[in-house]
Structures are given as C-alpha cells and as structure tokens.
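Here is the structure we will look at.
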Amino acid sequence: MMNIILKISGKFFDEDNVDNLIVLRQSIKELADNGFRVGIVTGGGSTARRYIKLAREIGIGEAYLDLLGIWASRLNAYLVMFSLQDLAYMHVPQSLEEFIQDWSHGKVVVTGGFQPGQSTAAVAALVAEASSSKTLVVATNVDGVYEKDPRIYADVKLIPHLTTQDLRKILEGSQSVQAGTYELLDPLAIKIVERSKIRVIVMNYRKLNRIIDILKGEEVSSIIEPV
C-alpha cells in the first residue's frame, strides 16, 4: 500500500458546492481501491480570512489571529471527515503527535492546522513526512504551478515539471503565500519535502475525479521534484 497526503485548498470550501464533497468522497474511495492510504489536510478558506479580518480590525494580536485560522481549517476538516463517514477515523488531530496516533488506526485521517505561525501547507508536508508518504498532492483552484497568477495573467503557461529550487525562485518577492492569494507551498513546507524527498503534485480540485490519472502523470498538473 502506498501512502499519500492530499492538501485541499480552503477555496474548495468557499464554493459551497456539495458536488465537491461528493466527488472528494468518491475519489478517496477510488484511491483506497487502488492501494493508496490517504491523509487529508484542509485549508481555512474565506471563513478563516473573514474572522482574521474582523479580529485584526479590533486590534487582536497575530498569534490569536493564527488560532482563528487554525480553528476555521479544523471546521473544514470536520466537514470532510463526516462526509467520508466509514472511510475516515472519527477524530480531527490537533498536533503531529495526535495525527501519528490516529494514523495507526488504518483509516483516512483528516486534519486542519496545528499551531500558530505554521501554514496548512507546512502541516501537509509534516504529516506526509510522518506517514512516510512519498507524494503530497496539493489540490487548489488552478491546474498547477505558474510563474504568475493565471487568474490575472491570461498569457501565462503552466509549468508541468519543476524542482523545489525552481519553486523558490517563483516565490521570491511574491505575496503568494498570504491569505487570499495564489497558493503554493511556503518556505517551511519546501524545506520539509526536500529533507524527506517528497514529490509534490499541484492539481485542480475540480479534477479530483481524475486523481488516479494525475498520479500516473496522464492528466494536467505540475510535478515538483525535491532537490
């Protein structure tokens, strides 16, 4: 059995689309039927951004803003966990230690954020490392990695293959790791996938029904190789 971690962008939940959850459940079942063991990490999305914005406007400190974002991501994790029903272990871990313990039960484990100052991308990299997963799939609202945001710049082309060093260059000077902007791995997540030689696949969550083909390299996505 092959272990993989699926990081689901918070934008997946912003769409309020029940079909997203139905397709996600079907995709997880298909992965299990094809010999994959899956862990899932959820982002906080607009729920996190809304609470963070309100709290910041009344002067709440950054550590507490991080906690609001973490709890929003965990709310999304509960939604996914409940939608998976018997496929999932019925507990959302709040730390890496809890994730490892839950993972030992043999079912899908769904988690959100862990601690302030740490993105859910970094959490996904950490749990990939802890579960001995050699592939981390990042499902977001674009088809892969671009040099610039494809939703703003119509002429940019998808980069099908790149290294973590290439990704660092793309991220240099950008604001793409801030809430509400084009999402890629943050520097901490990159360091983790490099040290454990974890391959990263960036895909569009609207193509989750093709995830087996994406893992085989037969569908549009970006593959990031650790170096």
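Positions of Cβ are set from backbone N, Cα and C atoms, glycine also.
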Could you look at GLY39, GLY44, GLY144 and say which one Swiss-Prot places alongside ASP66, PHE114, GLN115, PRO116, GLY117, GLN118, SER119, THR120 in the UMP site?
GLY44
Out of GLN118, THR120, give me whichever of these binding-site residues has the highest number of other Cβ atoms within 10 Å.
THR120
What three-state secondary structure does DSSP assign to LYS7 (ATP binding site)?
strand
For the binding-site residues LYS7, LYS11, ARG49, which one has its C-beta crowded by the most other C-beta atoms within 10 angstroms?
LYS7
For ATP, whose listed binding residues are LYS7, ILE8, SER9, GLY10, LYS11, GLY45, ARG49, THR140, ASN141, TYR146, ASP149, the greatest C-alpha pairwise distance in Å:
24
